[in-house]
Amino acid sequence: MLAVEGMPLLYLELAVGQRMRQGSIGAWRTISPYLSGVGVASVVVSFFLSMYYNVINAWAFWYLFHSFQDPLPWSVCPLNGNRTGYDEECEKASSTQYFWYRKTLNISPSIQESGAVQWEPALCLILAWLLVYLCILRGTESTGKVVYFTALLPYCVLMIYLVRGLTLHGATNGLAYMFTPKVEQLANPKAWINAATQIFFSLGLGFGSLIAFASYNEPSNDCQKHTVIVSIINSSTSIFASVVTFSIYGFKATFNYESCLNKVILLLTNSFDLEDGFLTVSNLEEVKSYLASAYPSKYSEVFPQIKNCSLESELETAVQGTGLAFIVYTEAIKNMEVSQLWSVLYFFMLLMLGIGSMLGNTAAILTPLTDSKVISSYLPKEAISGLVCLVNCAIGLVFTMEAGNYWFDIFNDYAATLSLLLIVLVETVAVCYLYGLRRFESDLKAMTGHALNWYWKAMWGGVSPLLIISLFVFYLSDYIITGTLQYQAWDASQGQLVTKDYPPYALAITGLLVASSTMCIPLGALGTFIVRHLKRGDTASVA
């Protein structure tokens with residue numbers, strides 16, 4: 001996907017921005033007046049992303065502030081109201097899940113029960129937006145300097161975590177799981193869709209941020225070289241971060257697996273009055289078989305309490321997104337020595353990564369707005385930046401409500417993916433077949449002095465658009481086959497997630513999210529056609 005989608009589309013967007021010297025709206029309007037909707041669609045998607053993405057930074061702030069406590073607040077369950085035992089919800093779940101779902105989100109049982117705004121996460125969100133505003137205050141000049149810090153610091157933290165991760169007990173189990181290929185997954189369309197989604201989001205394709213940043217480049221800048229360098233560094237970083245993640249994930253899985261075995265050993269030792277130290281991990285299965293045959297009635301009584309401990313199943317309970325960042329990692333961190341240090345490092349790194357992503361998102365919104373003579377004539381850049389941050393922050397407070405995490409998942413799953421596929425498809429077709437591939441090739445040669453080789457022509461002209469269409473079809477067919485869209489709701493009485501159907505109004509908002517960005521493209525073309533037709537009519541009547 002990097003070779004046939006990522007690199008070609010990255011080069012295309014950088015070249016368009018550098019050639020047209022404008023943000024996404026102006027750049028596509030220059031190529032064709034009928035394409036102004038493509039730039040608007042990119043801005044809308046970036047606006048949606050900014051609305052919910054900064055909530056992750058708010059959560060990172062929340063966890064960072066709590067990382068200075070000893071013990072870490074998610075390492076132990078709190079006492080119940082009577083102080084006679086642990087909280088029931090926490091006991092049924094785990095201390096890390098309880099801190100996430102109850103203390104951080106204070107999550108409601110379903111999306112229908114909105115609840116009130118949680119003031120602590122809301123204050124963290126305001127702080128996150130204030131930090132973003134300070135970083136973008138002076139435009140790309142200040143943003144560029146901040147990005148050096150937000151991009152390079154995580155590498156330092158990852159290096160520290162790599163050394164720590166590889167020295168953890170069970171790290172090799174996680175790495176073996178990561179690097180053991182499952183060839184049968186290549187026949188699964190979802191594997192390819194996930195790979196494409198990862199590349200799209202990782203490189204920032206279709207958001208308009210690449211076009212915005214490239215518009216500030218010197219016309220002679222070698223954007224082809226930068227495309228290759230950025231692509232290689234980007235994917236290498238993903239693999240590097242995965243090695244760190246899976247080494248820690250292996251430690252967490254091994255710790256849980258060995259804890260499970262120790263509980264079984266303790267249960268059997270006490271139930272059958274075995275000598276301490278007689279039952280070990282190495283002879284557990286053998287002794288279990290003996291006890292089952294020698295004491296069948298007693299073993300059958302104990303059997304329901306014996307957990308089926310499996311390292312493979314622990315490794316396969318993989319999670320992604322917020323679950324990986326705020327539950328799995330915190331569970332691993334709490335079992336490390338000097339856990340406060342590792343927690344502060346991790347959440348500071350997460351915050352830097354999040355702020356870095358937000359700078360790109362806001363640039364994609366602000367550049368077209370500041371390019372607009374109508375807006376910039378009335379408002380200075382600082383005021384436009386402040387207004388965008390204020391509006392995003394105000395809407396983002398929805399995600400700090402008790403049902404906010406459910407809405408976060410809707411935006412995360414549906415606000416960008418389908419829209420991005422359509423945007424980059426139209427971009428590729430527009431450059432190759434409306435603007436003209438030969439014309440664009442001569443523009444690139446005039447700018448950089450390099451001729452366009454066969455690889456870029458083949459990808460832009462046929463392979464990339466055909467692959468995007470096939471991915472688009474897979475997405476739509478997957479949604480149709482799935483039927484009613486469902487979500488994972490937190491059941492406090494069971495201490496676990498349960499699957500529920502989205503209510504009709506949530507489905508309507510989901511449809512509106514997808515339509516509001518994708519419909520910008522045909523509506524923009526239709527609007528341009530009508531305006532031109534009316535102008536022709538006026539000219540004809542005057543004549």
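Cβ atoms here come from the backbone N, Cα and C positions, even for glycine.
TrEMBL labels come from automatic prediction, so no person has curated them.
Residues within less than 8 Å, Cβ to Cβ, of N234 (Na(+) binding site) and separated from it by at least 6 positions along the same chain comprise S202, L203. Annotated Na(+) binding site per TrEMBL: S202, N234, L353, S357, in sequence order.
Under the heading transmembrane segment, TrEMBL lists 38-65 (among others).
Within the chain carrying the transmembrane segment (116-136), a Cβ under 8 angstroms from the stretch's Cβ atoms is held by residues 54-55, 57-59, 61-62, 65, 104-106, 142-143, 146, 354-355, 358-359, 362-363, 366, 385-386, 389-390, 392-393, 396-397, 399-402, 404, all 6 or more beyond its ends. Under the heading transmembrane segment, TrEMBL lists 116-136 (among others).
TrEMBL lists 148-171 (among others) with the feature transmembrane segment.
According to TrEMBL, the feature transmembrane segment maps to 191-216 (among others).
For 228-249 (among others), the entry in TrEMBL reads transmembrane segment.
Here TrEMBL flags 344-366 (among others) as transmembrane segment.
Taken from TrEMBL, the feature transmembrane segment covers 387-408 (among others).
Residues annotated as transmembrane segment in TrEMBL: 414-437 (among others). Proximity of distant same-chain residues to the transmembrane segment (414-437), defined by a Cβ-Cβ separation under 8 Å and at least 6 residues beyond the stretch ends, is recorded for 9, 12-13, 16, 28, 31-32, 35, 38, 41-42, 44-45, 48-49, 52, 197, 200-201, 205-207, 457, 460-461, 464-465, 468-469, 471-472, 475-476, 510, 513-514, 517-518, 521.
Feature annotation from TrEMBL assigns transmembrane segment to 458-477 (among others). A Cβ distance under 8 Å defines the sequence-distant neighbours of the transmembrane segment (458-477), meaning residues of its chain 6+ beyond its ends; these are 4-5, 7-9, 12, 189-190, 192-193, 196, 417-418, 421-422, 424-425, 428-429, 431-432, 437.
Residues or ranges marked as transmembrane segment in TrEMBL: 505-531 (among others).
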Run the contact check on the transmembrane segment (228-249) against the transmembrane segment (344-366): 3 or more C-beta pairs under 8 Å, excluding pairs closer than 6 in sequence.
no
Residue among binding-site residues S202, S357 with least C-beta crowding, 10 angstrom cut-off:
S202
Can you name the far-off residues of the same chain, 6+ from the ends of the transmembrane segment (148-171), with a Cβ under 8 Å from a Cβ of it?
237, 240-241, 243-244, 247-248, 250-255, 336, 342, 345-346, 348-349, 352-353, 355-356, 359
Which bits of the chain, at least 6 residues beyond where the transmembrane segment (38-65) starts or stops, bring a Cβ under 8 A of a Cβ in it?
23-29, 104, 120-121, 124-125, 127-129, 131-132, 206-209, 211, 322, 325-326, 330, 343-344, 347-348, 350-351, 354-355, 357-358, 361-362, 364-365, 368, 388, 392-393, 395-396, 399-400, 404, 407-408, 411-412, 415-416, 419-420, 422-423, 426-427, 430, 513, 516-518, 520-521, 524
